[in-house]
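Chemist: Dumping the structure here so I can ask a few things about it.
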Amino acid sequence: MRNHSVVSEFVLLGLSADPQIQVLLFVLFFVIYILTLMGNLILLLVIRVDSQLHIPMYFFLGQLSFLDLCHSSVTVPKLLENLLSEKKTISVEGCMAQVFFVFATGGTESCLLAVMAYDRYVAITSPLLYGQVMNRQLCMGLVGSSWGLAFLDALINILVAINLDFCEAQNIHHFSCELPSLYPLSCSDVSASFTALLCSSLLHFFGNFLLILFSYVHILFTILSISSTKSRSKAFSTCSSHLTVVIFFYGSGLLRYLMPNSGSIQELIFSLQYSVVTPMLNPLIYSLKNKEVKAAVRRMLKRCF
């Protein structure tokens, strides 16, 4: 019987080989990570303690904040460690674990953004039935299904990927482990894993994107049919934050996975966008663009000080 994997570890080449630039990048990404933790934890706390935010829209937003904490924590700590260490290695098992959790958290965020689009669809197209339709049981079921489907998707992909053999090449031209980055290093047939990744991407990510698009087409027609300019503006403002997050997440994510794997600077930028920068921006987007969240933050600050 042949060895399952001759190579025991990979080298994450990261973003730069210059030690001085690595120090600057460490400071930059450390600040981003701290801001990500603080912003999402504060948003979670505000939603938790302010009774006026105990509605489905903010329940889903709280789930998104928790997910952003998880998603950024999968890649950023290892990125920070490698920026300061000379030996920028990760074990094959650790790499596969990172692939799994990147896929699981990214997939859950994709589902959750579709759920949030449906929530806005119901709120704007059927405002009188909103409380009845978006009841607590349905909200819990939608969030649970998002996590369940994403972890099942990640499990299927990783079970296929662990059969890959890595014999000689060790260098990953990236700052984290992602399936497309591992294919060039494999000395075995990657067609099964590539097919699983392609099918799951089409069904999972593009499927969710189509659901979001369908929801917003109906939302747009409903908003355009409102005669009052003030009501139309208010309806649109409730969607603007979510739409901005969708553009950031899907724009960078789709461009990353549609690009040929080459370790190019554009590829690294798109990966940084959806795995490092977007989790930091999401609470800022919802805080700056949402009047109810800003009011809740002010109320919490007044109680504290």
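The backbone N, Cα and C atoms fix where each Cβ goes, and this holds for glycine too.
So TrEMBL lists the following for this protein:
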TRANSMEM  20-46  transmembrane segment
DOMAIN    39-286  domain 'G-protein coupled receptors family 1 profile'
TRANSMEM  58-76  transmembrane segment
TRANSMEM  96-118  transmembrane segment
TRANSMEM  138-162  transmembrane segment
TRANSMEM  205-227  transmembrane segment
TRANSMEM  239-259  transmembrane segment
TRANSMEM  271-288  transmembrane segment
Chemist: With Cβ-Cβ distances below 8 Å as the criterion, list the same-chain residues six or more beyond the ends of the transmembrane segment (205-227) that contact it, or say none.
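Modeler: Hits for the transmembrane segment (205-227): 107, 110-111, 113-114, 117-118, 120-121, 124-125, 235-236, 239, 243, 246, 250, 253-254, 257.
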Chemist: Hey, which bits of the same chain come close to the transmembrane segment (96-118), Cβ under 8 Å, at least six residues off its ends?
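Modeler: Cβ under 8 Å, 6 or more out: 57, 60-61, 63-64, 67-68, 70-71, 74-75, 78, 90, 142-143, 145-147, 149-151, 153-155, 157-158, 161-162, 176-179, 182, 204-205, 208-209, 211-212, 215-216, 242, 245-246, 249-250, 253, 274-275.
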